[in-house]
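Student: Per Swiss-Prot, the features are:
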type: ACT_SITE; residues: His63; note: active site
type: ACT_SITE; residues: Asp105; note: active site
type: BINDING; residues: Tyr43, Gly45, Gly47, Asp64; note: Ca(2+) binding site
type: DISULFID; residues: Cys42-Cys131; note: disulfide bond
type: DISULFID; residues: Cys44-Cys60; note: disulfide bond
type: DISULFID; residues: Cys59-Cys111; note: disulfide bond
type: DISULFID; residues: Cys65-Cys138; note: disulfide bond
type: DISULFID; residues: Cys66-Cys104; note: disulfide bond
type: DISULFID; residues: Cys73-Cys97; note: disulfide bond
type: DISULFID; residues: Cys91-Cys102; note: disulfide bond
type: SIGNAL; residues: 1-16; note: signal peptide
type: SITE; residues: Leu18; note: site 'Putative membrane binding site'
type: SITE; residues: Leu19; note: site 'Putative membrane binding site'
type: SITE; residues: Leu34; note: site 'Putative membrane binding site'
type: SITE; residues: Thr35; note: site 'Putative membrane binding site'
type: SITE; residues: Phe39; note: site 'Putative membrane binding site'
type: SITE; residues: Val46; note: site 'Putative membrane binding site'
type: SITE; residues: Lys76; note: site 'Putative membrane binding site'
type: SITE; residues: Thr77; note: site 'Putative membrane binding site'
type: SITE; residues: Tyr82; note: site 'Putative membrane binding site'
type: SITE; residues: Arg124; note: site 'Putative membrane binding site'
type: SITE; residues: Asn125; note: site 'Putative membrane binding site'
type: SITE; residues: Ile129; note: site 'Putative membrane binding site'
Amino acid sequence: MRTLWIVAVCLIGVEGSLLEFGMMILGETGKNPLTSYSFYGCYCGVGGKGTPKDATDRCCFVHDCCYGNLPDCSPKTDRYKYHRENGAIVCGKGTSCENRICECDRAAAICFRKNLKTYNYIYRNYPDILCKEESEKC
């Protein structure tokens with residue numbers, strides 16, 4: 001519970017669905033989303049280019065693609081509601097955009113959990129300069 005409080009305090013300045021996404025990540029992985037995923041590999045965090053470094057980084061690549069398929073939505077600022085049923089993330093009722101953003105975030109959080117065993121600390125705070133390859137297409 002203490003970790004949850006610390007993450008919530010750290011995310012107060014974050015707008016929109018990034019807050020919900022962070023809470024989903026924490027709930028699925030037990031990891032602090034800011035320190036564990038914000039600057040991981042070539043795709044976790046703002047932007048992204050090159051080849052995903054591992055399965056976790058690929059989760060971020062797919063998440064970026066998912067957001068890219070929502071041209072009429074604002075994934076980083078539109079808020080949505082979700083809850084848990086028997087431990088599973090369930091997106092709440094909302095607008096079409098809110099629901100699609102929630103589903104993108106839900107899929108990424110689950111992907112992070114499924115790939116916890118291959119999470120590699122060498123990709124935390126990974127320098128962008130090492131992501132030189134041409135990006136894959138979504």
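Note: Cβ is positioned from N, Cα and C throughout, glycine not excepted.
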Student: Provide, as an integer number of angstrom, the distance between the C-alpha atoms of Leu19 (site 'Putative membrane binding site') and Gly47 (Ca(2+) binding site).
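Tutor: Cα of Leu19 (site 'Putative membrane binding site') to Cα of Gly47 (Ca(2+) binding site) measures 18 Å after rounding.
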Student: Taking DSSP as the reference, which of helix, strand or coil describes Tyr82 (site 'Putative membrane binding site')?
Tutor: strand
Student: So which recorded positions are near Arg124 (site 'Putative membrane binding site'), with CA atoms within 10 Å, out of Thr35, Asp64, Cys131?
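Tutor: Checking Cα-Cα distances against Arg124 (site 'Putative membrane binding site'), the recorded positions within 10 Å turn out to be Thr35.
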Student: Which recorded positions from the set Cys42, Gly47, His63, Cys65 come within 10 angstroms of Cys104 (disulfide bond), judged by C-alpha positions?
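Tutor: Within 10 Å Cα-Cα: His63, Cys65.
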Student: Other Cβ atoms within 10 Å is the metric here; tell me which of the recorded positions Cys65, Ile129, Cys138 scores highest.
Tutor: Cys65
Student: Which ones are near Cys59 (disulfide bond): of the recorded positions Tyr43, Cys44, Lys76, Cys138, which have a Cα within 10 Å?
Tutor: Tyr43, Cys44
Student: Which one is it: of the recorded positions His63, Asp64, Asp105, whose Cα lies the shortest distance from the Cα of Val46 (site 'Putative membrane binding site')?
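Tutor: Answer for the nearest of the recorded positions: Asp64.
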Student: In whole Å, how far is Tyr43 (Ca(2+) binding site) from Tyr82 (site 'Putative membrane binding site') when you measure between their Cα atoms?
Tutor: 25
